[in-house]
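Worksheet for the structure shown next.
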Amino acid sequence: SSCISGNIQGATIVDALDTLYIMEMKEEFKEAKEWVEKNLDFNVNAEISVFEVNIRFVGGLLSAYYLSGEEIFRKKAVELGEKLLPAFNTPTGIPWALLNIKSGIGRNWPWASGGSSILAEFGTLHLEFIHLSHLSGNPVFAEKVMNIRKVLNRLDKPEGLYPNYLNPSSGQWGQHHVSIGGLGDSFYEYLLKAWLMSDKTDEEGKKMYYDAVQAIETHLIRKSSGGLTYIAEWKGGLLEHKMGHLTCFAGGMFALGADGAPNDKTGHHIELGAEIARTCHESYDRTSMKLGPEAFRFDGGVEAIATRQNEKYYILRPEVIETYMYMWRLTHDPKYRQWGWEAVEALEKHCRVDGGYSGIRDVYNSQESHDDVQQSFFLSETLKYLYLLFSEDDLLPFEHWVFNTEAHPLPVLHKDDRNKEENQK
């Protein structure tokens, strides 16, 4: 991901640290730690994506610290967190998407609706920044992300939904596009996980999450004529009956949030998770390679199939396997392990190449055409979620760990931990 993360070298190493540690690959972990000590440099004159650097680098370093206790990881995480702070220098405090980490100058993606910031980007800082405050004793990180919530709570939501674009200068929504896939996805995930990570004390995060899920159910969740539940995209009130691979994470999210659901809705949320898992499994099963496309549609008699050439690729994404892992842990229905194993076999058969694993250009073609890229999230997420799917539940148990959106585990901040901190000050 050298392009995505600007010129900070080492995305693959930092993203894989906790995976190495969890899999007990001690030699490799030690080697990676030495690389981080000697070579991980944030003083580069590069424009970086605040979101990508946060979820991959900050998240990866925080996890490596919490798992191994090695001080270098804490030091580097906080140092990088400080470098990201100038991104919040906007009239509203909604951060810029892009930041030159040397000059501290930020801007937004030129293609984003009228210079807007993107919901999934500024909405996916919360977990890491709360931990940065926790580990540095500096409250500024937590203040920055709590302010983002304040801005969102003040705004009117169309039909209770959160549009994907928000202008950081005016504090108003851009185009009324809503998606639980790219541009929106991890914002919702982080509302739920903020509440879980706070040991269920963050009532504001909890309320925002369950209110959002209610609106998503009303306006976006639909059932195809063949009986598949899917999550459509909303464009200014019109539904597009398309679901992205990224959206498949939502099955796991609904199941993870089932336990705290209001008015006896627990069973309903688990059911919703199971339905999304089934639809996403179908998107895999209906291809030649048994690996799912980037996006699939439910219109014109087509169900869970990609109809456009530029949506038929698979880039080693984790979201479907992530949902299998959550569904397995929360229901122990053996089909989730079976489905996960189908994915393992397909990955080995079609994606394994001499140098590692490669994405595929068309999953419906029986002839492999590799894209020759191994994304860093393959090591961070896809392989980790597969490993956890086939491990015992006491490896990173959900009551003590919350996974950031790049699958980096962060500890739940138990009430007594927080009080200890307060008393020491």
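Glycine is treated like the rest: Cβ placed from N, Cα and C.
Annotated features in TrEMBL:
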- GLU52: active site, proton donor (ACT_SITE)
- ASP185: active site (ACT_SITE)
- GLU294: active site, proton donor (ACT_SITE)
- GLU319: active site (ACT_SITE)
- THR405: Ca(2+) binding site (BINDING)
- CYS248-CYS280: disulfide bond (DISULFID)
Per-residue Cβ crowding (10 Å cut-off), top of active-site residues GLU52, ASP185: ASP185
Neighbours of GLU319 (active site) among the recorded positions GLU52, CYS248, GLU294 (Cα to Cα, within 10 Å): CYS248
From GLU52, ASP185, CYS280, THR405, the recorded positions whose CA lies within 10 Å of that of GLU294 (active site, proton donor): none
Whole-number Å value for how far ASP185 (active site) lies from CYS280 (disulfide bond) (Cα to Cα): 16
Spatial separation of CYS248 (disulfide bond) from GLU52 (active site, proton donor) - C-alpha basis, Å: 20
CB within-chain contacts under 8 A for THR405 (Ca(2+) binding site), separation at least 6: ILE55, GLY59, THR124, ASP185, SER186, GLU189, TYR190
